[in-house]
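Per TrEMBL, the features are:
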BINDING   2  Ni(2+) binding site
BINDING   73, 76, 89, 92  Zn(2+) binding site
């Protein structure tokens, strides 16, 4: 489960930020997780509970914003969401060669005090 390592790294970033701000508590962390990131949001939420124990983020709320995959068809210049992992343009049936959204894995916001 690589989500534990990902969550530990994210927590390290959050703790470093909180320390620089002189914060005593992390109240909320918001992550943006793309559909194509290879990260399972449920596993990440479980990992969050594990890695925050005994830290200033122990009682923090974790928000996960799921970002859908968006492909771009260079043939008809149309954006579309792939369905069932089929990356074929629904208009012209060309294969999608450009993924414009859905690979995100980022700490979007942090609420501290």
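Even glycines carry a Cβ here, placed using N, Cα and C.
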Quiz item: What residues, ordered by sequence, lie under 8 A Cβ-to-Cβ from the residue listed as 'Ni(2+) binding site' and sit at least six positions away in the same chain?
Solution: 39
Quiz prompt | Winner by Cβ contact number (other Cβ atoms within 10 Å) across the binding-site residues 76, 89, 92 | solution = 89
Practice problem: Starting from the Zn(2+) site formed by 73, 76, 89, 92, give every other residue of that chain whose CB sits within 8 Å of the mean position of their CB atoms, in sequence order. | Solution: 74, 75, 77, 78, 80, 90, 91, 93, 94
Exercise. Look up residue 89 (Zn(2+) binding site) in the DSSP assignment and report helix, strand or coil.
Key: coil
